[in-house]
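Quick look at what Swiss-Prot annotates:
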type	residues	note
ACT_SITE	Asp25	active site, nucleophile
ACT_SITE	Asp27	active site, proton donor
BINDING	Asp25, Asp27, Asp234	Mg(2+) binding site
BINDING	Ser58, Asn59, Asn60, His178, Lys209	substrate binding site
Amino acid sequence: MARCERLRGAALRDVLGQAQGVLFDCDGVLWNGERIVPGAPELLQRLARAGKNTLFVSNNSRRARPELALRFARLGFAGLRAEQLFSSALCAARLLRQRLSGPPDASGAVFVLGGEGLRAELRAAGLRLAGDPGEDPRVRAVLVGYDEQFSFSRLTEACAHLRDPDCLLVATDRDPWHPLSDGSRTPGTGSLAAAVETASGRQALVVGKPSPYMFQCITEDFSVDPARTLMVGDRLETDILFGHRCGMTTVLTLTGVSSLEEAQAYLTAGQRDLVPHYYVESIADLMEGLED
């Protein structure tokens, strides 16, 4: 049962000793903006030396997988492979490739509310995008991702496509907002998806955390035993809920969005799926449970 206990000492050594692997969120866990969380690169290196598998799960849909891998390298996270990185953009591309499979002349196109990184991920999966050069096939899906150019006219166009009951509505994630370095907030994909849902009267299929579909994408590529895997994240409503839904041990790090007070409030309210099993001040604290 999740009790939001501080992970340290003997409990930390026991939890890490039993774990085969760790899933990490990225923003607010490994870095904040362009600043890495102190000790994060060293932790990943020590986990690798200890034989622990590490994978990374992000709701950020702004970067295609190769670009995300470059970001890891640029920030000083050495030795990681692109195959270890799972974003909501990648998972959306996989889902749409599955759902829109068929003859080339019948596969249809995806209308994208999102940036170039998301579009690149879709193209890499062999999907056709509405508005790309050439004759536009019928739009068979609307995909909502993080879109800094979101507008009333684009919303109207998306709703026009969604009047077709066979047109899919997919969202990369439901994160309502994201923190900025100055303490302010910027709207997240969840805010944009809510606008499309309200205007179209349709319900989006969400692929990112806390949807188990992201874990399904991971298990297609890696052998992962959720009972022996840690999910480490900074957001209770996405990372921790995702971990619970997929049967993992959950660890909240306090370097990002959610606070210990929020976790304790969920515990008091009996909303245990939003309560982590453990918390740490920073993921660097996990190094105390690893042998040198």
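Yeah, the Cβs are placed from backbone N, Cα and C, and that goes for glycine too.
Note that this is a predicted model, so its numbers are computed, not measured.
When the Cα atoms are compared, Lys209 (substrate binding site) and Asp27 (active site, proton donor) turn out to be 13 Å apart. For His178 (substrate binding site) paired with Asp234 (Mg(2+) binding site), the C-alpha to C-alpha distance reads 12 Å. Asn59 (substrate binding site) sits 9 Å from the residue listed as 'active site, proton donor', taking the Cα positions as reference. Each of the binding-site residues His178, Lys209 was scored by the other Cβ atoms within 10 Å of its Cβ; the lowest score goes to His178. Asp25 (active site, nucleophile) and Asn60 (substrate binding site) have their C-alpha atoms 10 Å apart, to the nearest angstrom. Across Ser58, Asn59, Asn60, His178, Lys209, which the record gives as binding substrate, the greatest C-alpha separation is 15 Å. For Asp234 (Mg(2+) binding site), the number of other Cβ atoms no farther than 10 Å from its own Cβ, over all displayed protein chains, is 25. Around Asp27 (active site, proton donor), taking its Cβ as the centre, 19 other Cβ atoms fall within 10 Å, counting all chains. Separating the Cα atoms of Asn60 (substrate binding site) and Asp234 (Mg(2+) binding site) is a whole-number distance of 14 Å. Secondary structure at Ser58 (substrate binding site), taken from DSSP and collapsed to helix, strand or coil, is strand. Take the mean position of the Cβ atoms of Asp25, Asp27, Asp234, the recorded Mg(2+) site; other residues of that chain with a Cβ within 8 Å of it are Cys26, Gly28, Val29, Leu30, Ser58, Gly233, Arg235, Asp239, Thr253, Gly256, Val257. According to its DSSP assignment, Asp25 (active site, nucleophile) is coil. Counting only same-chain residues six or more apart in sequence, the Cβ atoms lying under 8 angstroms from the Cβ of Ser58 (substrate binding site) belong to Asp25, Cys26, Asp27, Leu68, Leu85, Phe86, Ser87, Ser88. Its Cβ taken as reference, Asp25 (active site, nucleophile) is surrounded by 27 other Cβ atoms within 10 Å in the chains shown.
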